[in-house]
Amino acid sequence: MATPLRPPVPEYIQYGQRVLTTRRSDYQHIVIAEDERLGRVLYLDDDLQIAEADQPYNRAMVEPLDRHGCLGRVLILGGGDGGVLREAIAGGADEAILVDIDQAVIELCRQYLPRLCGDAFEAPQARVVVDDALTWLHREDVYDGIIYDLTMEPFSNAQGRTEFIDQTLALAGQRLRPGGTFTMQCCGSNEPALREEIRQGLEQRFESWEDKTVSIPSYDVDWVFAWARHPRQRT
């Protein structure tokens with residue numbers, strides 16, 4: 001899930017959205033609210049993540065895999081709301097493995113966001129793993145497609161952002177089968193420095209890549225998505 005810039009007052013309060021449920025998990029404060037225009041909306045630590053109206057987000061994450069014939073065995077890093085999982089299965093994924101660290105997010109989204117996730121969590125193609133996604137990425141395994149649906153900010157203060165981006169892209173490239181495709185959500189179109197960091201990382205780690213901006217109904221700015229193929233061989 002993306003992390004749009006946090007407003008000074010949570011949007012569910014600012015816009016008078018009806019709060020359906022709240023929970024503080026071991027990792028974050030979870031709120032699901034309802035908006036007249038957007039439908040139900042997921043917030044994590046008061047950051048808007050995704051709304052029922054945000055199907056363009058899920059399509060942007062899955063479409064490059066579909067276009068390149070990489071919806072065989074798919075790994076989804078993050079995405080506990082289930083929207084990308086649903087899109088991947090609807091696109092024809094043979095197996096879709098979703099790894100998210102927060103069981104509470106998965107449980108609440110299954111209960112309160114059925115228009116977003118549908119019955120994807122119960123689909124025979126789905127495998128849901130509650131674990132740290134980047135730890136999982138270190139496992140010796142390979143995939144036809146990898147979808148990165150997490151923040152681009154490092155999880156540790158000891159690691160700089162450029163190093164974190166490079167490490168993530170390198171690991172993803174190592175886990176792709178030959179001809180596989182990696183996709184990611186990047187940042188808002190109003191964050192040119194971060195977009196350039198990601199572009200440089202993609203250029204260094206992959207032979208071919210592309211990014212584009214997509215309008216997401218619940219976001220104040222267009223959002224940047226990227227796909228990459230053919231990892232560069234590093235000695």
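Glycine is no exception: its Cβ is also placed from the backbone N, Cα and C atoms.
Remember, TrEMBL labels are computer predictions, not curated facts.
Around the Cβ of D149 (active site, proton acceptor), the number of neighbouring Cβ atoms within 10 Å comes to 27. Taken from TrEMBL, the feature active site, proton acceptor covers D149.
Annotation source TrEMBL lists S-methyl-5'-thioadenosine binding site at Q28, D100, D132, A133. In sequence order, L44, D45, D102, V105 are the residues near Q28 (S-methyl-5'-thioadenosine binding site), counting only same-chain partners six or more apart with C-beta under 8 A.
Taken residue by residue with DSSP, D81 (spermidine binding site) is part of neither helix nor strand, so it is coil. If you look up TrEMBL, you'll see D81 marked as spermidine binding site.
What TrEMBL records for 2-230 is domain 'PABS'.
In this structure, of the binding-site residues D81, D100, D132, the smallest number of CB atoms within 10 A of the CB marks D132.
Here the domain 'PABS' (2-230) has a mean pLDDT of 94 out of 100. Reported as a whole number, the C-alpha separation between D149 (active site, proton acceptor) and D81 (spermidine binding site) equals 10 Å. If you measure from the Cα atom of A133 (S-methyl-5'-thioadenosine binding site) to that of D81 (spermidine binding site), you get 15 Å. Distance from the CA of D81 (spermidine binding site) to the CA of D132 (S-methyl-5'-thioadenosine binding site) is 16 Å.
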